[in-house]
Amino acid sequence: MQTTIRIIGIDPGLRRTGWGIIETLGNSLRFVASGTVTSDGEMDLASRLCQLHDGLAEVVHGYQPHEAAVEQTFVNKDATATLKLGQARGIAMLVPARAGLRVAEYAPNAVKKAVIGVGHGEKQQIHMMLKVLMPKAEFKGNDAADALAIAICHAHNRQAVTSRLAALAG
């Protein structure tokens, strides 16, 4: 018997951290919710990280996901910006981990490949495929859309692992 798994995808960022929640049952995907947690750019770094933590903790507590997926960050030329993004990503991993969830990580190219079929694509392609895969999906902005794509990537990857385990067992 299959059970419904609720997944939260998180697209970390210091200004805006996107989140998207889906449910998966077998091959089917269902949109649950999406949004963005923001931090006040006028505040110090520690306070901004607290804002992200508290906002994500509220989402995790409210929607009770079973698993989490976070996008891996890329290193850019601005070392300070990369470090700050890494700290926001730490919050994005800490919140679900503290709630007892398994946290998976996916490279941006893996997320795009899972949703649009290729590792390099435009935001508009991702938005379009989200609507194809989940017609009831609602998202405001790229961060929430990216978070939904991360959740879908995890759903596809966990399904592949489950299928391989079933084949080995049977």
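Glycine too: its Cβ is placed from the backbone N, Cα and C atoms.
Taken straight from Swiss-Prot:
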- Asp11: active site (ACT_SITE)
- Glu71: active site (ACT_SITE)
- Asp143: active site (ACT_SITE)
- Asp11, Asp143: Mg(2+) 1 binding site (BINDING)
- Glu71: Mg(2+) 2 binding site (BINDING)
Alpha-carbon spacing, Glu71 (active site) to Asp11 (active site), which is rounded to whole Å:
6
Using a 10 Å radius around each Cβ and all protein chains in view, which of these active-site residues has the most neighbours: Asp11, Glu71, Asp143?
Asp11
Cα distance, Asp11 (active site) to Asp143 (active site), nearest Å?
6
